[in-house]
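TrEMBL has this to say about the protein:
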DOMAIN    44-436  domain 'Amino acid transporter transmembrane'
TRANSMEM  80-102  transmembrane segment
TRANSMEM  139-161  transmembrane segment
TRANSMEM  173-191  transmembrane segment
TRANSMEM  198-221  transmembrane segment
TRANSMEM  233-255  transmembrane segment
TRANSMEM  267-291  transmembrane segment
TRANSMEM  313-337  transmembrane segment
TRANSMEM  349-373  transmembrane segment
TRANSMEM  379-401  transmembrane segment
TRANSMEM  422-445  transmembrane segment
Amino acid sequence: MLPQKQAEEAIVPGDISVNGGTQGGEEERVDHEPRHSFKSLLWHGGSVYDAWFSCASNQVAQVLLTLPYSFSQLGMLSGVLLQIFYGLLGSWTSYLISVLYVEYRTRKEKENVSFKNHIIQWFEVLDGLLGPQWKAVGLAFNCTMLLCAAVIQLIACASNIYYINDRLDKRTWTYIFGACCATTVFIPSFHNYRIWSFFGLGMTTYTAWYLTIAAFIHGQVDGVKHSGPTKLVLYFTGATNILYTFGGHAVTVEIMHAMWKPQKFKYIYLFATIYVFTLTIPSAAAVYWAFGDQLLDHGNAFSVLPRTRFRDAAVILMLIHQFITFGFACTPLYFVWEKVVRMHDTKSICLRALVRLPVVIPIWFLAIIFPFFGPINSAVGAFLVSFTVYIIPALAHMLTYRKASDRQNAAEKPPFFLPSWTAMYVVNTFVVGWVFVVGFGFGGWASMSNIIKQVDSFGLFAKCYQCKPPPPTHQH
């Protein structure tokens, strides 16, 4: 008879095979440890609460500091409404991904396929449900998006630390933080992010409320103006940044697979998003209220607030959180690389870490080559996030259940708030159409226009991108 923990990992009730065919992935490696040991408390997280912390912590990171800039482009009303709209849109497509994961795993378990020491990923779900062409598309978009996200986090680390210590240039800080972030190769999977996710969310919560309170204490600057939106290009650039903000569910499948009961994930991302609203909306609205159009020239909210010990604390906490977010972005890439070199099932943490280093080094190198990657955040949102976490999941869901027999035998029926398949198809069609036209179309145009406008300021291997020049020395 299987231990209870292993039994919980089965998707298909009453269909637990003796050979472990229905077990979870990396959880198999830790069954010999006491369930309630101190190490288990800090290191092994597979509960609903762990998944919630992972989703909420991963969803809001460096982008928290750029949302006031987006509000200056969009205006207060559009900024708030688009956050709510894209938050709900992201929650819906995350729900679709979770449904497709359960469908894929249910079908495989009925075929007695074993997932022992194997972590299921999104491209494998697409492959199993829709074929190799979808696998290739999903793999290309997902890996490219996560690679860009990891590079952005490294560049953001250097930019943030520069606010409290400018004795070193940003490129040197990128070297330092690249080495620090490389230690994420030792974290086996999302199952082991329990303590990091908990502290990570605490760090962003502090930073968000610091921004809110500091803005109100500072008050409105003299002659403050709130003229946004003024130009379409700025409006859609800001809108695409918000789309990117709530597109953090590219790691949904990996987080689900780390759970003891993955089928309970369905609404976790929605509850995480609701909490994130309490961080992003007040902080962005408060900073925009205080500084108005000045934010059009300040992409990072830290740059407009006076330096205090509270701001320095927020900077340091965001740096630590960016280390965590770097790990969240890179871990799926680690899994892909492990599978390519056929080392995914090894139990040695040190050997896996060594195998993963070829993933970290190119990311580190790209952050040094392209220190201007920050200004193309919205381009990443328009060209990668739009497809990876909005369009592809919606299309995949419609195609998976296009036949009446597939709908009748679906592992997950339509949700209680949308009880018909027709309604689900209508919503999915709207998601695909909206994100393709507004996110990819108008967002891509605005992002490229913004990049072209700033291209003269770009420079490969820039020592200190967008740093203020040193004051001139006067000779007597």
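A Cβ is built for glycine as well, from the same backbone N, Cα and C atoms used for every other residue.
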CB contact flag for the transmembrane segment (379-401) and the transmembrane segment (422-445), at least three pairs under 8 A: yes
Cβ contacts the transmembrane segment (349-373)/the transmembrane segment (139-161), at least three under 8 Å, sequence gap 6 or more: yes
Interface check, the transmembrane segment (80-102) with the transmembrane segment (313-337), three or more C-beta pairs under 8 A: no
Listed stretch, out of 139-161, 267-291, 422-445, that has the most CB pairs under 8 angstroms to the transmembrane segment (313-337): 139-161
Cβ-based contact of the transmembrane segment (422-445) with the transmembrane segment (233-255), 3 or more pairs under 8 Å: yes
Which of 198-221, 233-255, 267-291 contacts the transmembrane segment (173-191) most, counting Cβ pairs under 8 Å: 233-255
Long-range environment of the transmembrane segment (233-255) - Cβ separation under 8 angstroms, sequence gap at least 6: 51, 54-55, 58-60, 63, 66-67, 69-74, 78-79, 82-83, 86-87, 89-90, 93-94, 97-98, 101, 119-122, 125, 142, 145-146, 149, 189-190, 265, 269, 273, 276, 280, 296, 328-329, 331-332, 335, 377-378, 380-382, 385-386, 388-390, 435, 438-439, 442-443, 445-447, 449-450
Contacting positions for the transmembrane segment (198-221) when only residues 6+ beyond its ends and CB under 8 Å are counted: 53, 56-58, 60-61, 64-65, 68, 279-280, 282-283, 286-287, 289-292, 294, 301, 305-306, 308, 310-311, 313-314, 317-318, 320-321, 324-325
